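According to TrEMBL, the feature region 'Disordered' maps to 1-26, 1007-1208. The compositional bias 'Polar residues' feature in TrEMBL is assigned to 13-25, 1076-1086. Per TrEMBL, repeat 'TPR' is recorded for 258-291, 800-833. Look at TrEMBL and you will find 1007-1042, 1061-1070, 1131-1140, 1190-1208 tagged as compositional bias 'Basic and acidic residues'. Among the features that TrEMBL reports, compositional bias 'Basic residues' is placed at 1043-1053, 1093-1107. As annotated by TrEMBL, compositional bias 'Acidic residues' applies to 1114-1126, 1160-1169.
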Amino acid sequence: MAAMRDSAPNGVNGHSNSSISTHPSRFSDVPKAISVAVAEVDGPIDVEISLDDDIQDDPTELCTLLENEDAAKSMWMVVALGYAKQRKPDVAIEVLTKALSALARGRADDRLGILNGLCWLYLLKCREAPRVKPDGQLPSEARTKDFYIQSATSVLNDASRISPSYPPLFLARGVLYLLRASLQPPSKLSSGSQASSERMDTLKQASKCFEDALRASNGKNIMALMGKARVHYSMGKFADALKTYQIILERAPDIIDPDPRIGIGCCFWQLGHKDDAQIAWQRALELNPKSKIALILLGLYNLHLSSQYSTSDPEFADVYKKAMTQYTVPAFKLDDRLPLTCATFGGYYLMRKGMDRVESLARRAIELTDVNAIASDGWYLLARKEHYNDELSKANDYYLKADQARGGDDRGYIPAKFGAAQIKVLMQDFDGAKFRLEKLSQQTKSVEAQTLLGTLYAEDVFTAQTAKSKEDKSNELKKAITLLESVRITWQDSNKKVTPDPSVLLNLARLYETDHPDKSLKCLEQVEQMELDEIPEDDHPQDLEGETALRAALREFLPPQLLNNMGCFQYQSEKYGQARELFQTALNACVKVGEKDQSIDTDALVTTISYNLARTYEAEGMLDEAKRVYEGLLDRHSDYTDAITRLAYIALRQSPTEEGPKAVQKLYQAEPSNLEVRSLYGWYLSKAKKRTANIAEDQEQRHYKHTLQHYDKHDRYSLTGMGNIWLAIAREMRRDTEQDKDKRRKMYEKAVEFFDKALQLDPRNAYAAQGIAIALVEDKKDFATAVQIFTKVRETMKDASVFINLGHVYCEIKQYSRAIENYEAALAKDRARDPQILACLGRVWLLRGKQEKSIQAMKTSLEYSQRALEVAPEQIHFKFNVAFVQIQIAQLIYTLPEAQRTLAEVEAAAAGLDEAIESFSAIARSPNPPFPKNDIEQRANMGRNTMRRQLERAIQNQREYDEKNAARLQQARDMREAEMKKREEERRRAEEAAIEQKRKIAEERQKLEEKDREYIEKRAEEERRRQEFITQDETRRGERSAKAKGRGKRKKKGETTDSDTEGRDTDGGGRRSRQRSIVTSETPGSSGDERPRQKKRKLERKSKNVGKFKSDELIVDSDSEGDAESTPDGTAKHITKDNTDASSQGNKTTRPRKTARVIDEDEDEDDGDATIAEGLTVSSGEGDVSMMETTDRANKSDGHMDNDSESD
């Protein structure tokens, strides 16, 4: 909008015309002095009263003078405004109050003016008065904003009684309502208007007053428009307020106090256009360099810009310094009582820890402001200050006041709400903190609130884990993960510019540790990357090449606890190599940490990490390295029981019969009360004890019982071990009678009781759950439930026993493929030479082979059984398994038809049968056979007598079948080869025929293309000749005309000149050469191969006796497409023309020919030329160009034409 004033462009509002004066400032019309006429004896005397800096502090004498001299209302008003100009509004109010008394009997208009001025002074005092009663002041003496609002209201009421329609009162009443609305609390609802219902009613009344003022001034009252814009802004109608401010700026572009540009910038700010707001405020500052409002608002804009940078970013310091030094400090120097400036400066001193200045500035902002948001900032500064000083009760109170000043409840001030939640946490009121944070999270997606709330829920989970509480914390776990993951996702949004917090990732890692160790490891790796990024460039090694080497070197600068935890997760996921590298790097990191800070005790870290490294060596099979680490730990801490226990276990693995048992016994005697030691001793007993069916005699059972009775009745390892013992004994019990079955069932129930007790103490005890699943399978045949339990256990426990049990269950329900998968998975768990697993694989492959009648499956079963026997040759039942599988193979081979077996397989089965018979005989003679001796001998005899004869017959039959089948196969093979040869020959012939057909097609296509090319060339040549003839004809005409003019003596017959000869040899010379090019089929210099053969016409003399007429000649036609026809033998027809019967000779030709016209010697040559031109015709049907015989002259040779020319 281009505002105009007095027909001149608006130089104040952005244009370069500086000659236009700005709007006058406040009180600029108040004179420096006034003169009052005082009546004296000698006559009136003018007394000058100073209204500038020398104005009297006490107005009593001056008021008395004005009252005695019956001064007019204007005099009283000027004096009051003079005091107001000198920032003495209280004295001005006193002057106008005395003026009311002096003018009590005066005109009503005078009293209205005084009352209106008095109202404005009260409103001015209201802006400067404190919001709340200062401390130490009596309520009756307090002059707060409410006091002056009430005073202004009383004055306006008095004025309204005199004249309610007095126009100046409308504007004053509107401003009064605006101030009253600013002191009313905002709405507490998060949705809807920013104003409460009471405040909204007050603002509507203010709007009505401003409308009345505009109506009274016919829309010219700029201050009323300003008030209306302020009402829109207070109601939250920022777009309407912006439009109104722009209208004001268009109407009064030079107004700067108040400045509509300030309002325009505020509207832009609220609408989200912060850069536009800065432009408006900058313009206001250019027009009024002493505008404290523009300065502080620009300071806030730059503080907003600084908030977009990290505090470690160099840009942050530059922008923040600009905000404070260039804008905030000058604004504070201009007016140190401006509430917004005080609040902003208070934030600066809070950051600098200048708490004394924070207190004074915050109090000043709270007391002087009439804007709720600024009061909220003041209370928030006080809360932060008390929070810093650990005055939690005061801080909580101030946080609540800051929140209430902006509406509280669903609206309020988010930082104050978060601060109150922090105070609740510090006061150990975690439920209250979570309640406040839950409400805060519903209102806004505050990253800080979500982080704190997620951390509180995570702490609930960690506390329950530490206390081993049975309380279900799954809901808290889910909430914590959801909140912290949402914070983690927020980091990826570049627009929000949120700095990642390592504590969030560490809490997530702890939450994921049990159920999702892979996710936990990823969180720790992200923390590792954050730590690596913070390492200064100066600490980077310079002599390393490759990213891997550099990363390994930089890891030594990381916290060793982080590296240790990462190594533990790698160990759990069986990535022992990576775990070992992390533990070794963690030890180096401990050394660096100790060098940097001598006060840090790294001994505990080194001990823990070294133990973990030794365990990793054990898992990798590096037992000697593990022993060295454990011994090193014992050198530093001789009472480190865990290291002694692991050394005993290593000794037991390396020497299970000599050194191992001694080491375990020594450890048990040294630490009999250590539950870990007792657990290892119980495990040793389970491997070394003698099996017995009497549970009271079981050494392992007595050991566990002693542990539960005298050391810890809730020892989970002992409870699980007891369950396993009862389970093993129940498995071996007899099942012959119902009584035996009942005893066996009770034994299983007893085992389940122990397992259930262990699960109650530790719901994640996978071994106890597995024991219950085994009992369900063996006792109740509940395979479905058992599969579910085993599957869940497999997700938690990476032990081979889980896969073995799953294989057993799948084998029982005849899902042999899954059983094989689980057995092989168990075999891969460092148990490749476990004979039990190999035997199980042999069994399941045998069952699969019998089900599918597959010889290959039987052979696989035999391979696994033989491998088990190789590992444990002393175990006689493995030898029995091999013999049994060989017998089964022989039976299957015998039952298969000849077409499904081979002679080699039958012979191999026979050989295996012989081995099985020998094995059964040897097993039967052994002292402890796996089955009754008679049964084994009977099986050997059956193989020796029955099955051997069966296989012998099978071998004979198979040999005969193979011989016959071989002949048939050879015959079929020969027939197939002959058929293949025949098909190959037919295919070859078909390909040759296709190739020949393609060749013929190609030849035909080539011929057609050649014909087309010849035809095109022919037409092109004929067209060229036609054009040449036309050109020659025109040339000949020109030459003939030239000859006619300068013709000399005729040449004699037979004489020729060089020019004539040259003309006959050229194509475009004279008349004769042109005629030859028309008549003959080829032009000089051309060949027949270059173009199609053309019609030839040879002109010869018939004899020496030349007739009178020149047409008496022989015309010879060529055999090409011309006017004459060829004879069947290829010779040309000769047509003899006489000068007497030329017509009849022409009629005798095959094709009709146009009668030649006879031209006399004396006839003009021009007529001949015309005749030749008429002889050119174009065929409309084929497009061929031909020349008909028209004259004898055209058919003559060059010599005849020379003679003709001479005769002419």
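Note that Cβ sites are derived from N, Cα and C of the backbone, with glycine treated the same way.
Curation plays no part in TrEMBL annotations; they are all automatic predictions.
Locate each feature and note its surroundings.
Within the same chain, residues 12-14, 22, 226, 229-230, 233, 238-239, 241-242, 245-246, 248-249, 252, 297-298, 301, 304, 334 sit at least 6 positions outside the repeat 'TPR' (258-291) and bring their C-beta atoms closer than 8 Å to a C-beta of that stretch.
Regional average pLDDT for the repeat 'TPR' (800-833) in the model is 88.
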In the same chain, who gets a Cβ under 8 Å from the repeat 'TPR' (800-833) while lying at least 6 residues past its ends?
766, 770, 773-774, 777, 783, 786-787, 790-791, 793-794, 840-841, 843-845, 847-848, 851, 871
Per DSSP, what is the residue count of the repeat 'TPR' (258-291) in each of helix, strand and coil?
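Residue counts for the repeat 'TPR' (258-291) by secondary structure: 25 helix, 0 strand, 9 coil.
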What are the DSSP helix/strand/coil residue counts across the repeat 'TPR' (800-833)?
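Summed by class, the stretch gives 25 helix, 0 strand, 9 coil.
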